[in-house]
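Notes for the one structure printed next.
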C-alpha cells in the first residue's frame, strides 16, 4: 500500500490543482448548501439546526404543489415541442448537398442572443394588444387576436417555444457531429438493397445515433427542469402562478425574502428529483442495451 | 486502479468536510459576533464620555459612503463639494464613495460577503427584513446624541425600530396619490380652464375618466402593475378604501381576513377595469418600471404614484416636468386611504462606532437633520438648486421627515424659492384632505403582496375568474403558509 502510494506520488501531485478546483468550486458549495438546508438561516449564516423544518415549510406552501406540477409540465412540453426538432433538422442539414454551412450557422444563431435579451424580445412579440407583433400577423390573416402569455393555458408551452428557439441550434450541432460519424458504407449497402430515405433513417441513422439521443434527452430534462430566467423575465411566474417553476421559487426565497435555508431546501428537492429521474433512465437504458 | 479511485474519494471527502466545517465555523463566528455586536452596542454609554474627544481627532479610519450618485449623474459635482467639506471638517477620516442603489436581488449577497458600505439607503418595506437578518447596526445612541430621535416624524420612526432600538434614519416619506399625464388629459379634453386635469374623486369616476381617455386618445387610461409584488402592494390602497382589512390580531393570533365582501368588491372593481371598461394596458403582466416608460412617453394617462418617483420619467424618458399632475387618492365606499412609504438610511452591522458617527456627520452636511441653521439647510437648498437647474421637479413635497416647526417652515421657504412647476398641479396631493395614511401590513407584507399579485393577475387575465373564490383561497393559503407561523 505504502509503496504503491510512494510510487504514484508525482501523479497525485499533478492532479492536486484540479482536485482543489473541484472541491472548492464544485463540491464544497454543494455540500454546504445541502447542510445549510437543514438550518434556520440568517442571511447565509446557519443559526440553529432545525431538521426538516425548511423542507416542511417549503413543501407545505400552498403554491408548491402547483409549482412542482408546472415544472414537470415544462419538461413534458419541452419534450413534445423541443425534443424532435433538433433531430429532424440535423438529419435534414446532413442530407443537404449545398449550403450546409449556412444552415448550420442559421440554426445556431439564436443561441448567440443573450438569454435575457431573447426573453424580452419574445415578450414584445407576445404583446397581447393589437400592437403586438404576432397579434398584428394574426389580424392580417383575419384571425382573432390571442392573449399569448396572459392565457394561463398557453404560458408554459409558449415559454418552451422561446427556449427551443434559442437552444435547439446547439443540440443540432451535436447531432450533426454524431451523424457525420455514421459509416457511409451502411447507407450505400442499404441503397443497393433498395431502401428509401425513410427506411435508411429508421434502420440506420436513428440506431446509429441513439446513444447521443439518450444523453441529450437526459441533458434536456435536467436543463429544462431548472428553468429560471425565462419565466423570471417574461412572466415572473404569472399569471396566477401558472408559470412558476421550482428554481424560480428558490430564487424568490433567496433574493426576495432572504431565506437561504428554504431556498436551498427547494434546490435539494430539485436535485433529488433529477437524481431519481436520471437513475431511472440509466436503469431503462441498461436493460434496453442488454436485450 | 480501484484503490486509487477510493483514495481520491477519501481525499476529496476529507477536504470537503474540512471546508464545510470551516463553513460551519463561519456560521458560529457569525453567531458569536452577534453578542459582541450587542456588547459594543451596550458599551458606548461607557465610552461616550471617553470616545468622542479622542476618536474624532486622532483615530484615522475609512468611512465607506454608499450614499453617492452614479458617475453620469449631474448631481455629482454637488456631492463632491460636500465630500470636500466633510473631509476638511473631519481630518483623519477618509471617505470612500460608492453608488449603492438598493436592490432586493443584490442586497443579500453584498451584505453576506461584507461588501455593504457603512451607510446605505433603502426604502420603507425593507428595514424589518434587514434588521431581522442582522445586517443593520443599532444606532439608538447616535439618534439621541444628534437629536434626530425627537425631531423625526414618529410614524416614520416606528418603521425602523425593533424592540425599542433604532436601526435607521428615515429621510423622506410619501403616500400614494394618482398621477395624471397632462398631455393625454389635454387631448381628451379633460383639463379645466386653468389647465389642471379634472381629477376623479371616486374610484368609479376614475374608471369613467379612464374610459374617456381610452375612447378619445386610444391610449390606456389607467396603469396597474401585477408583477414583482407591486400588484398586491397597490391593491392595498384600493381595498382599504372599500373597507377591506388584510391582517387582524385576534387573541394574540394573526388572522388573514382579506376574503371579506369589501375585499371582493375591491377586486371586482379591478376586474371591471379590464373587462367592463377595458382601460388598462394591453399587457397586464407589468411592473412600475413599465409605468415610468409608458407614462413618460404618453402611453398611459393615470397611475398610482407619489413624490418619490416624480423625477424618474423625467430622467429616464425625457418627459417634461410640466406633464405631471398629482391628486390625492380617490374615495372608495369607505373613504380615502393611501398607502405610505419612503426612503431611509441604515448602517451596515459591521460598522465601527466611529464610522457610524462619520455617517451622521455626512448626513448633517447634506441637510438630512432637524437643524435649521443655514449651515444644515444649505444641503437641502443646494439639492433643490441643482434639481432646478437640471429641470427636475422642484416644489412639491411628500411626507416630511422632520416635524419640528422651525424646520418645516424653513424647508417650505426654500422650496418656494426654487420651485419650477405650477404647484396648482400638485395642490390636491399635497393637501391630501380627508385621506387616511396607512403603513404596510405588519406581518410578511412582501409575501402578502406576492399572494395578492397572483390574485390580481388571475382577474386581469381570466374573464371568468371568480374574485370571491380567489380571495377565499388566497386568504386560506396565506393564513396557513405565513400567519399561522407568525409570532403574535
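First residue shown is number 1, and so on along the chain.
Note: Cβ is positioned from N, Cα and C throughout, glycine not excepted.
TrEMBL: automatically predicted annotations, no manual curation.
Source: prediction; values computed, not measured.
Looking at A:154-177, A:178-201, the range annotated in TrEMBL as transmembrane segment turns out to be A:154-177. Within the chain carrying the transmembrane segment (A:72-93), a Cβ under 8 angstroms from the stretch's Cβ atoms is held by residues 100, 103-104, 107, 156-157, 159-161, 163-164, 167-169, 171-172, 175-176, 179, 201, 205, 213, 216-217, 220-221, 224-225, 227, 245, all 6 or more beyond its ends. When Cβ distances are compared across the two stretches, the transmembrane segment (A:12-39) makes contact with the transmembrane segment (A:264-284), since 3 or more pairs at least 6 residues apart fall below 8 angstroms.
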